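J.: Per TrEMBL, active site, nucleophile is recorded for B:CYS86. Residues or ranges marked as active site by TrEMBL: B:HIS195, B:GLU197.
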Amino acid sequence: MPKPEILDPQGKAVAGALPRLGFGQFASVRQGKRFELEVDGPVTEEILAAAREAGEHVLSNPVIEDVVAVYEDTQA
Amino acid sequence: MTRIGVVTFPGTLDDRDAARAVRLAGGEPVSLWHGDADLHGVDAVVLPGGFSYGDYLRAGAISRFAPVMGEIIDAANKGLPVLGICNGFQVLTEAHLLPGSMIKNDHLHFVCREQVLSVENVDTAWTRDYTAGEHITIPLKNQDGQYVADDHVLDELEGEGRVVFRYEGWNPNGSRRGIAGISNAAGNVVGLMPHPEHAVEPGFGPDGAKGPRTGTDGLRFFTSVLTALVG
């Protein structure tokens, strides 16, 4: 997710569009990203740790973004 | 002759213009390929503009891990002059050679215009042929051009004179404190959003004092580095 102090121009544009489509309940919108990483075999603690590290060092830029959640999705 | 490398990533657009600017300034351009972890003995490097790797993940984020970048990061830390233009600036921030980052323009539109900049630091390898406070006009064209950093970093940049260029008249993308370009502490690494390589030859540049398309304000980036390397 973009850091709270970083202005999110895309989120602002979406927030502007929502009321025009009848969704007037939302005061603001922030837009982030979701990555789905697949592995062959079970998701171990080591794999989750590696995913966390990739999230913090490659998939996000710590200057402007926070990693908010890294978890195993058993539904996939 | 001084040899200046120009890197091509998949999706780079302005490598040929950058090479041409080097030639017009009196240097010898050397093409560097993203997948080749070898700088071929060049004396300086230009990371040109474009949309390397389609701006996937974040602008410049994937290029930063290209084999050639490992060499450039090592050499830059040892003093090799490196200029990042537009997407090249984004690559330099992702590579942590320059602080801060770029996000989408505040107005969300792609912007393409002739932009006036003030040159605030003429001690870098890429700006020594300018005079302090000089106004120059070069093209600006980007989508993700809003420079952001936290106040601590911005104060440090200003305090150390590392804000090299500021937008003059109008801030075209919402950049913090009107910052258009910055340098590292040593002054050998410079990044900016606008495009000096598109304003190097009469007839093909922005409108200038001598008439339409006569502006060549960008040429001195490239003569500066030649002077820096010879001196």
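From the backbone N, Cα and C atoms, a Cβ is placed for every residue, glycine too.
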J.: Ten-angstrom check, please: count other Cβ atoms within 10 Å of the Cβ of B:CYS86 (active site, nucleophile), all chains counted.
T.: 30
J.: Can you tell me how far the Cα of the residue listed as 'active site, nucleophile' sits from the Cα of B:GLU197 (active site), in Å?
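T.: If we compare the Cα positions of the residue listed as 'active site, nucleophile' and B:GLU197 (active site), the gap is 11 Å.
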J.: What count of other C-beta atoms do you get within 10 angstroms of the C-beta of B:HIS195 (active site), across all chains shown?
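T.: Total other Cβ atoms inside 10 Å, all chains included: 23.
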J.: Indicate whether B:HIS195 (active site) is helix, strand or coil by DSSP.
T.: coil
J.: Using DSSP and collapsing to three states, where does B:CYS86 (active site, nucleophile) fall: helix, strand or coil?
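T.: SS state of B:CYS86 (active site, nucleophile) = coil.
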J.: Just counting, how many other CB atoms are there within 10 A of the CB of B:GLU197 (active site)?
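T.: I get 28 for this one.
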